[in-house]
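Beneath this line is the structure, given in C-alpha cells, with notes to follow.
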Amino acid sequence: MARFDIVLLIGLCLIISVFPDTTTAQLSRGFYSKTCPNVEQIVRNAVQKKIKKTFVAVPATLRLFFHDCFVNGCDASVMIQSTPKNKAEKDHPDNISLAGDGFDVVIQAKKALDSNPSCRNKVSCADILTLATRDVVVAAGGPSYEVELGRFDGLVSTATSVEGNLPGPSDNVDKLNALFTKNKLTQEDMIALSAAHTLGFAHCGKVFKRIHKFNGINSVDPTLNKAYAIELQKACPKNVDPRIAINMDPVTPKTFDNTYFKNLQQGKGLFTSDQVLFTDGRSRPTVNAWASNSTAFNRAFVIAMTKLGRVGVKNSSNGNIRRDCGAFN
C-alpha cells in the first residue's frame, strides 16, 4: 500500500472515530465534563425553582420528554414554535395539551446555563430536557439515575410527523406494543413508561366517552371500577368543559410510585390504554409484579427511560445546539 493511501486510511479512521455511525455511541455521562462541568447542578437548580412555583412542572416535563422522543427522536423538536411557513410538532392536536410549564422548565434551565460563560450555547436543548426529566422524577419521589448526554438538537419539526406516532388513550396492548417496538422498546419498557401516569392530570375530553357513551350496550366501560366511574362522572359531567383537568392517579397524584399498578388491579386506570395493561393477560403479570415490588418497578423504569433517551439521537451532522430552544438557529 502506498504511503499516501496509508495516511488517507488513518485519516478516515479518525473521522469515523469522531463521528460514529451509531449516534447512540456519542452519548456519555461525562459529555460536558470539559465544556460545562456544572451542567447537572445548574439544570437541577432551575428545575427546583420552577417546581416551587408550580407542581404542574413535574408531570408536564415528563410528558414533554416522552412526546419529544417518540416523534423524530430525542432532539427537542417538540419545542420549536410554529411559523407562517411551518406548522411545528407542538401544534399537532396530540401535542396541544402539553402544559406550558414543561416548556418553561427547559427555557429557564437554558437561561441559567447561558448565564454561565463557560456553558453558554454549549448544551443542547435536547440534553437539558433529558436532565430536567430525571430531576422532576426525583423531585416527585421517583428513582434517581445517571443521564447519558451528547444529543444535538433537531433541524426539523413538523406537525405532520406526529401523526400516528404517539399512544392514544384508547389504544390496546397490540397498538401500544407496535408503537414502542418501532422505537426499540419492549413490552416491559412500555408498561414501565406508562406508569408515568402516576403523576399529573388529564382532561375530561379524553375520558368522556369511557364514562358516558362507551358503546351501544354500556354507557360506562365495564372494566372501570364502579365507584371510580361515579367519581369521574361527577368530575366530568355530560355538559363539562372538555378542558377540565382530573388527576391521572386518584390516590397519589403528586408522588412517583407504584400506586399506578395497584390502581390498575382495582379497575382505576383512567385511560383504556392504562387499564388494558391489567385486563390483557400478556401484560397483567408485570402489572401484578410491580404493584407488589416498587424496587423492581423503579429499576425497570430507569432502564426504560435510559433506552427512551437513546431514540433518534442527532449528531453534529444532522443537528446542532440551538441558541433558542423554541427556534432553529
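Using N, Cα and C of the backbone, Cβ positions are placed for all residues, glycine too.
Just so you know, TrEMBL annotations never went through curation; they're auto-generated.
Positions annotated as active site, proton acceptor by TrEMBL: His67. Every protein chain shown contributes to the tally, and the Cβ of His67 (active site, proton acceptor) ends up with 21 other Cβ atoms within 10 Å.
Around the Cβ of Gly73 (Ca(2+) 1 binding site), 22 further Cβ atoms fall within 10 Å across all displayed protein chains. Taken from TrEMBL, the feature Ca(2+) 1 binding site applies to Asp68, Val71, Gly73, Asp75, Ser77, Glu89.
Sequence-distant neighbours of Pro167 (substrate binding site): residues of the same chain at least 6 apart with a C-beta under 8 Å from its C-beta are Lys175, Leu176, Leu179, Ser273. The substrate binding site annotation in TrEMBL covers Pro167.
Per TrEMBL, heme b binding site is recorded for His197. Neighbour list (His197 (heme b binding site), Cβ cut-off 8 Å, at least 6 residues apart, same chain): Met248, Asp249, Tyr260, Leu270, Phe271, Asp274.
Per TrEMBL, the feature Ca(2+) 2 binding site maps to Thr198, Asp249, Thr252, Asp257.
Annotated disulfide bond per TrEMBL: Cys36-Cys119 (among others), in sequence order. With a cut-off of 8 Å between CB atoms and residues at least 6 apart in sequence, the same chain places Ile42, Leu113, Asn116, Ser118, Cys119, Lys122, Val123 near Cys36 (disulfide bond), listed in sequence order.
Look at TrEMBL and you will find Cys69-Cys74 (among others) tagged as disulfide bond. Residue density at Cys74 (disulfide bond): 29 other Cβ atoms are found within 10 A of its Cβ, drawing on all protein chains shown.
The disulfide bond annotation in TrEMBL covers Cys125-Cys325 (among others). Cβ environment of Cys125 (disulfide bond): Ala76, Met79, Val106, Lys110, Asp153, Ile321, Arg322, Cys325 lie under 8 Å away, each six or more residues apart in the same chain.
Using a 10 Å Cβ-Cβ cutoff, Cys236 (disulfide bond) registers 24 neighbours. The disulfide bond feature in TrEMBL is assigned to Cys204-Cys236 (among others).
Per TrEMBL, domain 'Plant heme peroxidase family profile' is recorded for 26-329.
Proximity to Asp68 (Ca(2+) 1 binding site), defined by a C-alpha to C-alpha distance within 10 angstroms, is shown by the following recorded positions from Cys74, Thr198, Cys204, Cys236, Thr252, Asp257: Cys74.
Residues within less than 8 Å, Cβ to Cβ, of Val71 (Ca(2+) 1 binding site) and separated from it by at least 6 positions along the same chain comprise Ser77, Val78, Glu89, Ser161, Val162, Asn165, Leu166. The distance from the Cα of Cys74 (disulfide bond) to the Cα of His67 (active site, proton acceptor) comes to 9 Å.
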